Amino acid sequence: MPVPGPGYSITIRVEAPPTASAAGDLTSAVGRVGGVITAFDVVESHADRVVFDITCNAMSANHAKDITDGLDALPGVRVRKVSDRTFLVHLGGKIEVTSKVALRNRDDLSRAYTPGVARICQAIAANPEDARRLTIKRNTVAVVTDGTAVLGLGNIGPAAALPVMEGKAALFKKFAGVDAWPVCLDTQDTEEIIRAVELIAPVYGGINLEDIAAPRCFEIEARLREKLDIPVFHDDQHGTAIVVVGALRNALRVVGKDITKCKVVVCGVGAAGSAIIRLLQHQKPGDILAVDIHGIVHPKRDNLDSNLEQIAASTNVEGKAGTLHDALVGADVFIGVSAPNLFGAAQVATMSSDAIVFALANPDPEIDPVEAQQHAAIVATGRSDYPNQINNVLAFPGVFRGLLDAHATSITDAMLVAAANAIADVVEPERLNASFIVPSVFDNAVAPAVAEAVKNAAQAN
Ligand SMILES: NC(=O)c1ccc[n+]([C@@H]2O[C@H](COP(=O)([O-])OP(=O)(O)OC[C@H]3O[C@@H](n4cnc5c(N)ncnc54)[C@H](O)[C@@H]3O)[C@@H](O)[C@H]2O)c1
């Protein structure tokens, strides 16, 4: 059940009669249709009318309209205009380039630009590694997308993906001081994407692939990793896997189970699910059952692509076939990165005691978290309105900070495991409980801890 939130926050400018009851009438009208007022300001006062700005959270665009209509229907009230605060935040984009050098006079210009800059160019031409010392390459990451799998919106293309990539760049800067820049490519051709990234790579110290649909994302990442001398990281795969594996480490600490004895069901074997399975395998779980839209993945199933073939070969020790509901029977852990509303409390009841349920499909999870809590010991989702939010922001800023600081030329599973452990260990034993298995995304300790762990793993490489 959605609740009013800041993602649908509007400011409504209304004129009302100057009566003692005007403010109360307006706030009641918003409350009657379920809006949540977050600010109420008088912007003008006249003998015959008062003008208010009412800022409130809604559940959806339609709900925002209901709130506005409710106010407009009050006697003597007129809605002058409605501003959508989310659109206001996006006017002109969310990031910009700023210069680190002063350009006040001819002297400054001669050093930062010609003729002085020529000597820097020559130094780099003579020693290409100097690019990391003398240019933005040292601290800059490309956030590359083709716009094919954007949030839950699907294939909306490169221009429509840009607001998400800008947001990602803003998060990189805020949490880890990394300068990230969106690169939205107007092609969905695997070869063209690979070639385009190869061509722009000299500027960057790392490539963050984003919102590129499976299964193409696997080939694009693998081929770029072979070709480039900078780390390539598909966040939808590895960012998710890092946070999930970190959260699971803490969840198992809470319930006192050993992963090597656990049966883990991973539902969804796309970008996120495949990477979660591969990273989990480093922890040697008792067994993993992978489940996709066609049921449990096993070697004898028809039409397995190369990704599913690999997964089938390395999971499901008993070669089980069946549905998600079959897979859940006796499972210790459920990890869902698939689709909404696939099971209910009855299926959680069939899981082992002290079951762990991570229902991460966005925006609606595989099971309503409230239903899951009836039988599970620990429940996590991707949502910010429930405890235990699995959010990639816990991983990617620190991961790239560590990679850049280590001048890493590649990325390994050891670095991903180190990042997962670092996130888990930010939650000290005295704070750890069933409702707090991952730190808050605003915990300032997370990115430095992840960066340090990744840097150490990179330098040990
Ligand atoms: N931090 C997070 O919370 C987080 C991170 C990554 C992905 N996700 C969510 O996980 C979901 C999957 O993301 P992705 O990028 O891996 O997508 P994807 O398209 O690459 O993969 C989706 C997978 O789900 C499976 N699937 C679809 N419908 C199913 C059904 N009815 N039953 C079983 N399996 C089904 C598909 O077969 C496929 O294997 C999305 O909802 C995404 O928002 C959440």
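Using N, Cα and C of the backbone, Cβ positions are placed for all residues, glycine too.
Taken from TrEMBL as is:
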DOMAIN    92-225  domain 'Malic enzyme N-terminal'
ACT_SITE  Tyr113  active site, proton donor
ACT_SITE  Lys168  active site, proton acceptor
BINDING   Glu210, Asp211, Asp236  divalent metal cation binding site
DOMAIN    237-459  domain 'Malic enzyme NAD-binding'
BINDING   Asn362, Asn391  (S)-malate binding site
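Distribution of TrEMBL features across the structure.
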residue	record	Cβ contacts under 8 Å, 6 or more apart
Tyr113	active site, proton donor	none
Lys168	active site, proton acceptor	Val143, Ala180, Pro182, Asn208, Glu210, Asp235, Phe396
Asp211	divalent metal cation binding site	Thr145, Gly147, Thr148, Ala149, Val150, Leu151, Ala161, Val164, Asp236
Asn362	(S)-malate binding site	Leu151, Gly152, Gly382, Arg383
Asn391	(S)-malate binding site	Val243, Gly382, Ser384, Val441
Report summary line: Reduced to three DSSP states, the domain 'Malic enzyme N-terminal' (92-225) has 71 helix, 18 strand, 45 coil
Query raised in the report: When you measure from the Cβ of Asp236 (divalent metal cation binding site), how many other Cβ atoms are you left with inside 10 Å?
Result: 22
Query - recorded positions near ligand 1 among Lys168, Asp211, Asp236, Asn362 (Cβ under 6 Å) - result: Asp236, Asn362
Query - Local backbone state of Asp236 (divalent metal cation binding site), from DSSP in three classes - result: helix
Query raised in the report: Taking the Cβ of Glu210 (divalent metal cation binding site) as the centre, how many other Cβ atoms fall within a 10 Å radius?
Result: 29
